[in-house]
Amino acid sequence: MSTPGQLIDGKAVSAQVLAEVTADVAALKAQGVEPALAVVLVGDDPASHVYVRNKVLRAGEVGIRSLEYRLPAEASAAEVLALVAELNADAGVHGILVQLPLPKHIDETSVLQAIDPAKDVDGFHSENVGGLSQGRPVLTPCTPAGCMRLLRDTLGDLSGKHAVVIGRSNIVGKPMAALLLAADCTVTVLHSRSKNPQALCRKADIVVAAVGRPRMINAEWIKPGAVVIDVGINRIEEDGKNRLVGDVDFASVQPLTAAITPVPGGVGPMTIALLMQNTVTAACQQHINSAPAASEEATCRSAC
Ligand code: NDP
């Protein structure tokens, strides 16, 4: 480990992931497979439009074909499910992402459950969630997978480390805990009903904060020498300015840590890079599964 308070550079690591994905896409194309990601956007949520645009742009940069499907806010659940069924059946589509949130009249769970688990590049289908908790190699939610890559790049072997995850959402906290457990960490998950969360967190070698509360985790929560991953993205008004801050009080926490992610520029860029990685993994897996059993040609990268 280097100097205290080392910044974990999510932009640099995500660029590395994207370079790996670009090479994998080229290898697949050489075998006649063009990885394709379908992105479904329902309604007019401005933030969702920005997220979808960024995903489509990033896909183009790494050579993944993207297909955008925009449905009006009044689209029925049946229409969304019919589109998902069509994409499931299309062998030219390897990944399907339904941008959340969906309009209130559409049940998100039933839409996410309708996606073919082999194409579920967000890793939200119960088959992938279950596989993750059983330690099987499945498509894994992108943000926690990005956090794991940052932790492995920073610490190497995580075995035996005590990790504290603050937050237990299905999207971040729970899959994060499952991934850390699979990496042989001792894992504690804190949530809004936890007693003495500060004292518990202060025992951690690794802290992953996914709470959604600006700067809640201050120096009182951190053991000297801990590695801190801040997943939080919170917009606040401060000194007359609109700022983006994490769940960690960076100024007080950084000097205590061995290493810490900044916000922005930490976990944020990793999420989209891991989405691209999941898409290429899904394409690779579908390519292998569709090849004749005796075929020696359907080989992909080792990560697949
Ligand atoms: P959720 O609101 O779904 O979950 C927040 C979790 O924090 C809940 O489990 C909640 O506990 C827990 N919590 C709330 N208050 C406290 C408290 N005082 N002490 C301990 N735990 C508490 O949020 P998400 O998991 O979706 O997101 C968390 C943060 O990460 C947000 O800032 C979000 O914007 C950001 N995010 C960033 C991404 C990225 O790409 N960088 C991607 C996804 C999210 P309980 O279950 O008891 O209510």
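First residue shown is number 1, and so on along the chain.
Each Cβ is built from the backbone N, Cα and C atoms, and glycine gets one as well.
Here the structure is a predicted model, which means the values were calculated and not measured.
Here TrEMBL flags Gly167, Arg168, Ser169, Ile233 as NADP(+) binding site. Cβ contacts within 10 Å of Arg168 (NADP(+) binding site), excluding its own Cβ and spanning all protein chains shown: 17. Secondary structure from DSSP puts Arg168 (NADP(+) binding site) in coil.
Taken from TrEMBL, the feature domain 'Tetrahydrofolate dehydrogenase/cyclohydrolase catalytic' covers 8-122. With DSSP states grouped into helix (H, G, I), strand (E, B) and coil, the domain 'Tetrahydrofolate dehydrogenase/cyclohydrolase catalytic' (8-122) comes out at 61 helix, 19 strand, 35 coil.
Annotation source TrEMBL lists domain 'Tetrahydrofolate dehydrogenase/cyclohydrolase NAD(P)-binding' at 141-286.
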Please work out the helix, strand and coil residue numbers for the domain 'Tetrahydrofolate dehydrogenase/cyclohydrolase NAD(P)-binding' (141-286) from the DSSP assignment. 58 helix, 32 strand, 56 coil
Ile233 (NADP(+) binding site): tally of other CB atoms within 10 A of its CB: 17
